[in-house]
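Scroll down for the structure; my scribbles are underneath it.
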Amino acid sequence: MAEEVNYDELADLLGSNGGFMSEAAEGVVGKHERDRLRKHKKHRRDKKRSREEDNAGSSDDKRVKSKYVLDAAESGDSNDEDEFSDADLVDDDEEVEDVNYGDRPKRYMFHEGDDKKSVDEMARYYEEVDRHYRRHGDNEDALLTRSDLSSRRLASQFLPREDDPKVFAVKCRPRMSRMLVTRIVNKCYAYRVGRNYEHKKVDLGIISVFALDHVKEYIYVEASRKRFVENVLNGLDGVFRFNIAVVDPKELLQTMETRPSTQKVRVGDYVRLRQRFYRGDLAQVTALHPDGVHITCKVVPREDFVQKPFNRATKRLEPRFFTPRQAVDVREMENSYVWGDLHFDREGYLLKTVSTRMVVSGAQLEQPSIEELARFYNDQREKVERALRAAEAAAQVPPISIGDSVRVTTGQLRNTIGVVENVFTNTNTAVLTCTVPGRVQPIKVQVELSACTKHFSEGAHVVVERGEHAGESGTVVKSWGSIVLLFPDRAAVGAELKVEANDCHQSKLGSVSVHSKGVWQVFDLVSITEPNCVGCIVRLNRSDVDVLTENNDVRTLSYAQVNAVGRDTRQTTDCRENTLSRGAEVHIQKHPWTPIGLEGQTGRIEHIFHRTIFVRCRASPLHANIVALKAECVLLIGGRKTTRRTAPAQEVATGMSADQYAAAAVRLSAGQSRDSELWDESSMMDVNASAMA
């Protein structure tokens with residue numbers, strides 16, 4: 001074993017060598033210096049031990065040493081080679097640190113940040129890990145890397161959580177949302193920097209505030225508490241502090257989406273400006289910008305340019321077409337004139353580039369009158385007439401949109417019913433999806449809009465928009481062509497309404513007048529509390545029912561006051577002893593018991609009870625067209641005994657030949673013929689039989 005050299009001897013050797021020191025010597029010096037420092041620190045720790053342990057301990061004891069924690073030898077120099085030196089302990093410690101326990105690194109079930117993840121996020125992560133393990137096996141590269149996990153955790157931070165700030169919707173006055181947003185931002189900044197009465201820097205707790213163009217009369221404030229929003233709104237005009245609502249996080253993304261306008265502005269359309277001195281003026285679109293936000297339109301100028309250089313108007317002036325000869329400092333361009341900052345076309349119109357939000361168009365536009373068109377076109381008759389014809393043609397186009405059910409009224413596809421899939425306004429055509437019996441897939445056809453009309457199926461509830469019955473609503477009873485027959489909701493109307501299909505739109509509500517309520521239906525035969533009194537239901541309400549009695553008066557009863565009527569087995573006959581039944585068509589005769597105005601009308605029998613029948617007659621304007629009649633007041637149409645009267649008997653003279661008899665037999669009274677309803681062929685057969693005898 002090599003002799004150990006202490007520090008003093010090494011210093012003497014170095015000094016004798018004249019300042020030369022090898023690399024090995026430097027390593028030995030550094031090693032002994034580290035050993036000396038470790039001895040000193042260990043000695044100070046050993047002094048803190050109890051005296052009993054110091055007395056019981058000995059240099060020869062072999063204490064059990066841990067794999068990771070090594071106890072140093074006792075302090076003091078020792079020359080015994082059997083004992084562990086401090087250098088040996090340090091070497092052993094270094095060897096222990098270099099030991100690799102297993103080739104694979106230790107994996108932990110949970111990682112940093114997992115405590116902040118929700119249960120759904122943890123479940124999704126372990127499902128992906130299991131899916132990768134099943135697909136690639138125990139392959140380390142196939143599992144999700146730490147970078148993937150970090151990116152997923154970063155993405156999960158953007159999902160809304162319960163402790164996130166909330167967005168509050170605040171009601172404000174019209175056209176003040178942008179100004180209020182600016183005021184709130186300035187107020188928050190002023191309090192943050194200390195520009196307030198107390199000159200203290202205060203955080204109002206507002207994270208953000210914004211307004212949306214497609215949401216009118218509302219601003220949105222992001223804060224952690226509602227109290228912060230109320231405090232920041234103090235002192236602001238045009239805002240309602242007591243109308244603050246929390247926006248649902250599920251609806252927040254839908255609120256932030258920009259919705260394109262359904263009413264698109266096209267070249268040649270008429271619009272009205274919203275600007276200061278041109279508010280309400282009629283203008284015409286001349287160009288659309290590529291950004292889809294700005295348009296260029298021409299309008300009759302309101303500028304004072306007569307013998308004056310360019311100056312901005314300070315008040316609303318009278319409209320006057322631009323004349324370049326009268327203005328000063330006018331520059332002539334290829335197709336326009338430039339006067340200061342304003343551009344005019346060759347016809348004298350002012351060309352303005354504005355945003356689509358600064359014009360009124362589409363359904364909100366008030367249609368121009370003839371006087372406005374004449375003023376806009378400078379009293380040019382041809383242009384005014386052309387504009388009027390275009391307006392009339394546009395009005396004739398039915399208001400059909402995508403998803404409507406329409407019927408083709410003309411052409412080879414007449415009476416074809418389909419659903420509008422697409423509308424082409426440039427060609428005034430529409431693509432219909434039609435269902436064909438026997439085919440699984442529907443077919444598509446393209447038809448003109450002028451040949452289409454709205455179609456409503458029977459039972460649909462519609463509202464009348466225009467026409468004589470505007471504002472009425474009812475249930476569709478029948479539809480043919482462009483006509484719809486409605487059963488009105490209001491009982492005061494009484495009769496059915498016949499309206500144009502294009503004047504109606506389908507209601508999202510159900511029919512106000514229901515056709516059934518529990519076990520009861522309209523036109524059911526019921527008995528009321530009075531004995532031997534029956535009636536027919538003509539209207540069902542929510543809590544009561546209207547019943548037409550056999551005396552033609554309507555009584556409003558509760559559902560508990562009416563009872564069902566059993567089937568009557570007795571036969572009821574008309575005035576000519578024809579047997580009557582439900583659903584039969586009858587002719588109302590002149591009778592003392594016949595109601596006024598119903599003589600000569602026809603109807604259909606709904607119910608029969610003894611000698612009382614309830615007939616549905618269109619000529620009766622009240623009570624859902626139901627009228628109560630006696631059986632003697634009607635005559636069955638098409639029965640064995642009809643309404644034809646018997647012709648008088650003809651006396652045949654003796655000795656009359658066959659030709660003379662034939663001539664005499666066919667002599668009829670004035671206005672009578674074989675095709676007449678007043679002729680009874682049975683009487684003619686009786687005459688022939690008597691003649692043969």
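Cβ atoms here come from the backbone N, Cα and C positions, even for glycine.
Per TrEMBL, compositional bias 'Basic residues' is recorded for 37-48. Residues annotated as compositional bias 'Basic and acidic residues' in TrEMBL: 49-63. Sequence annotations record features per position, and here TrEMBL assigns compositional bias 'Acidic residues' to 77-97. According to TrEMBL, the feature domain 'KOW' maps to 264-291, 399-426, 455-482. The region 'Disordered' annotation in TrEMBL covers 25-97.
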Count the residues of the domain 'KOW' (264-291) that DSSP assigns to helix (H, G, I), to strand (E, B) and to coil, and report the three numbers in that order.
0 helix, 11 strand, 17 coil
In the predicted model, what is the mean pLDDT computed over the domain 'KOW' (399-426)?
83
Would you mind splitting the domain 'KOW' (455-482) into helix, strand and coil residue counts from DSSP?
0 helix, 12 strand, 16 coil
Using DSSP, what is the helix/strand/coil residue split across the domain 'KOW' (399-426)?
0 helix, 12 strand, 16 coil
